[in-house]
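Worksheet: one structure, shown below.
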Ligand SMILES: Cc1cc2nc3c(=O)[nH]c(=O)nc-3n(C[C@H](O)[C@H](O)[C@H](O)COP(=O)(O)O)c2cc1C
């Protein structure tokens, strides 16, 4: 039996939560990891590029593949392919993506406006899936269509094993505050476990999110970017009542170096340099002269040079930190 209660999920984030980043977050305590969303249509068409998105590292504990689409038969077909070719613990269906191209095709968050199709998708997928099926939804499509509780109930009745709720509407995208009250309303409406998502960034917000939503688990997205130890800090907070672990700037860069090294061996140096930029810009957040450092990183085109730059940066930050430590 898959037990997803009391866990911390790393949210799926297209362009960020590849195997290397998921591995890093797992090492820092993420209990559940989800692939970036993959197109069910592309899977059925046999796209090798799509399949490349679905590979897990040993460190990942509970693993999920997230699929999107709007054709129930194709989605079920894609799950047949997935379960024959990959090892994972549950399938997650994306019903929250706000991207215009996806919404125009009736996929992602558009399904929240089409509950009968959403129900059919879950039914067909659950029928063929040997693993549990979950759905990730939003508060609703827009302010005139806030339906997460009723929608989640329909998904439950159609065979969903649990739901994740991002407390924003599609219209809000990622702006404004996530509404945790709506997540609590979902929790009151359904029997299946509910995962709370949106604006959980540290132990304090995790604690409040549990109190307000009464959810079974929590999911963290943006706060994990350049900050994978957030999982460890939240767990420490729940164990001790406070967070002791502080991550000094030089430690952040040391973790970034390890991440980049992994990225090189996974994707090759050229691709790693390009892909590392977006992650490194989060890792240097809050460090003195972050804008200058980012600018420099973005102009480096080769892995050896980037590694040298990061090593020097870590060393100089460490020197500064021990100097301050000696004064105090
Ligand atoms: C860059 C980016 C990519 C995302 N990609 C996905 C995705 O592929 N599938 C999905 O269900 N949600 C996706 N999301 C939404 C997140 O999973 C999450 O619901 C949202 O960021 C709110 O959580 P947070 O406040 O903890 O970041 C993405 C969010 C961001 C910022």
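Even glycines carry a Cβ here, placed using N, Cα and C.
The average pLDDT for the domain 'DUS-like FMN-binding' (10-312) in the predicted structure is 97. What TrEMBL lists as domain 'DUS-like FMN-binding' is 10-312.
Taken from TrEMBL, the feature FMN binding site applies to 12, 13, 14, 66, 136, 166, 221, 222. Sequence-distant contacts (6 or more apart, same chain, Cβ under 8 Å) of residue 166 (FMN binding site) comprise 96, 136, 137, 138, 139, 178, 197, 198.
DSSP gives residue 97 (active site, proton donor) a coil state; it is part of no helix or strand. Cβ neighbours of residue 97 (active site, proton donor) (same chain, under 8 Å, six or more residues apart in sequence): 37, 68, 103, 107, 108, 109. What TrEMBL records for 97 is active site, proton donor.
Look at TrEMBL and you will find 293-320 tagged as coiled coil.
According to its DSSP assignment, residue 222 (FMN binding site) is helical. Those residues noted as binding FMN (12, 13, 14, 66, 136, 166, 221, 222) have their most widely separated CA atoms at a distance of 18 Å. Set side by side, the binding-site residues 136, 222 differ in how many other CB atoms lie within 10 angstroms of their CB, and the most is found at 136. Residue density at residue 13 (FMN binding site): 16 other Cβ atoms are found within 10 A of its Cβ, drawing on all protein chains shown.
Shown in sequence order, 10, 11, 13, 197 are the residues of the chain, 6+ apart in sequence, with a C-beta less than 8 angstroms from the C-beta of residue 221 (FMN binding site).
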